[in-house]
Amino acid sequence: MSITKEFDTIAAISTPLGEGAIGIVRISGTDALKIASKIYRGKDLSAIQSHTLNYGHIVDPDKNEILDEVMLGVMLAPKTFTREDVIEINTHGGIAVTNEILQLILRHGARMAEPGEFTKRAFLNGRVDLTQAEAVMDLIRAKTDKAMDIAVKQLDGSLKTLINNTRQEILNTLAQVEVNIDYPEYDDVEEMTTTLMREKTQEFQALMENLLRTARRGKILREGLSTAIIGRPNVGKSSLLNNLLREEKAIVTDIEGTTRDVIEEYVNIKGVPLKLVDTAGIRDTDDIVEKIGVERSKKALEEADLVLLVLNSSEPLTLQDRSLLELSKESNRIVLLNKTDLPQKIEVNELPENVIPISVLENENIDKIEERINDIFFDNAGMVEHDATYLSNARHISLIEKAVDSLKAVNEGLELGMPVDLLQVDMTRTWEILGEITGDAAPDELITQLFSQFCLGK
């Protein structure tokens with residue numbers, strides 16, 4: 001998708017393909033009304049007010065055949081998502097009818113939109129910045145209401161405003177430093193300039209570091225916690241997974257080794273998406289299929305954000321249990337004592353502190369797991385502070401980290417007594433890095449790559 005491409009008129013189906021009550025075909029560009037007028041039978045579109053919905057029919061003018069009865073939305077530039085003229089044809093849902101209407105539009109002068117091209121035009125026409133464009137995709141992909149809240153705030157411009165204000169402050173600082181350098185005849189100008197640079201650099205660094213502190217929570221809410229359920233065979237791992245999911249998604253039997261692979265499912269725990277990984281029981285085995293599952297389990301354990309270690313409280317600790325306790329001790333771990341509905345035989349004093357006794361069979365204390373997750377990852381402070389700006393995008397986090405590094409370089413240079421005019425280079429670099437976040441200084445290749453990840457019609 002070229003950045004310099006002429007803005008011709010584009011079209012795409014904006015609703016998921018398949019049967020449904022309504023399908024929407026979207027057109028955007030200078031010729032949107034002209035093309036729609038060729039195939040729409042109803043009111044004269046050139047005389048219709050903007051932002052209205054109009055009843056009529058879509059007709060193939062070559063055959064004089066009606067394709068569908070529709071409601072046609074007219075939205076005139078610049079007060080549209082793309083800041084171009086936009087037509088949205090609301091058809092009866094279905095693969096055949098929406099495709100027929102799209103093909104008719106393409107035959108009469110529109111081009112098939114590329115993935116994300118409507119949002120890309122909104123960006124290139126100044127309707128949204130890059131953070132807001134990315135928030136559109138985050139909103140589409142949000143798995144929980146908390147992830148949706150963060151995406152909506154970003155779409156509303158919270159991160160954009162913070163970054164733009166910081167960039168303006170950096171420019172103001174650089175301009176003041178430049179003025180001071182240009183008038184060296186004042187005796188105290190060098191000291192004033194150094195003091196200004198130090199104060200502002202520390203202020204910017206503190207702001208960026210505070211933003212980075214939100215990254216862990218934001219990334220968890222956006223992408224979820226990779227959660228490995230581990231334990232020796234037949235301690236209730238798959239039953240726990242099913243209990244959390246409230247569905248029978250994993251095989252549950254009384255035969256050891258029946259979970260021979262890694263089973264992944266998502267579950268919403270108080271607004272946090274947990275990617276639950278039910279692993280094969282980790283033990284020595286000669287079964288080649290089970291052996292592969294065990295190796296994958298060990299890999300899942302290494303990569304997990306959270307480990308749920310399940311032990312059988314109705315049996316004494318085994319060597320395998322002790323091995324798993326040792327293997328997972330450096331992880332964010334919650335130890336669960338399952339089968340509390342049976343007589344207890346495990347020695348609790350041999351276990352780490354803060355274990356949670358549960359009975360998957362009787363659904364006992366499952367809610368305590370949710371509370372412990374909140375304690376570990378959110379310091380019991382709640383999931384989302386509504387007035388906070390969160391970093392959740394890996395690209396944004398990486399760029400903020402680079403900006404902090406540039407600011408640290410300025411501070412280190414000041415401590416070493418380097419000339420302020422040399423340190424302006426690092427301060428300017430910070431300004432440029434922050435511009436990559438909003439798209440003001442992002443390379444064309446990055447913009448093209450970002451929008452290529454969007455779905456068709458968006």
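Keep in mind that glycine also has a Cβ here, set from the backbone N, Cα and C atoms.
Copied from Swiss-Prot, the annotated features are:
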type    : residues                       : note
BINDING : Arg26, Glu88, Arg127, Lys458   : (6S)-5-formyl-5,6,7,8-tetrahydrofolate binding site
BINDING : 234-239, 253-259, 278-281      : GTP binding site
BINDING : Asn234, Thr253, Ile255, Thr258 : K(+) binding site
BINDING : Ser238, Thr259                 : Mg(2+) binding site
DOMAIN  : 224-378                        : domain 'TrmE-type G'
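Ranking the binding-site residues Arg26, Arg127, Lys237, Lys458 by how many Cβ atoms sit within 10 Å of each one's Cβ puts Lys237 at the top.
According to DSSP, Lys237 (GTP binding site) is assigned to a helical segment. When the binding-site residues Asn234, Lys237, Ser238 are compared by Cα distance to Glu88 ((6S)-5-formyl-5,6,7,8-tetrahydrofolate binding site), the shortest distance belongs to Ser238. For the pair formed by Arg26 ((6S)-5-formyl-5,6,7,8-tetrahydrofolate binding site) and Asn234 (GTP binding site), distance between Cα atoms is given as 54 Å, rounded to the nearest Å. With every protein chain in view, the residue among the binding-site residues Asn234, Ser238 whose Cβ has the most Cβ partners within 10 Å turns out to be Ser238. For the pair Arg127 ((6S)-5-formyl-5,6,7,8-tetrahydrofolate binding site) and Ser238 (Mg(2+) binding site), the C-alpha distance works out to 48 angstrom. Neighbour density for Glu88 ((6S)-5-formyl-5,6,7,8-tetrahydrofolate binding site): within 10 A of its CB lie 20 other CB atoms from the protein chains shown. Cα-Cα distance from Ser238 (Mg(2+) binding site) to Lys458 ((6S)-5-formyl-5,6,7,8-tetrahydrofolate binding site): 39 Å (rounded to the nearest whole number).
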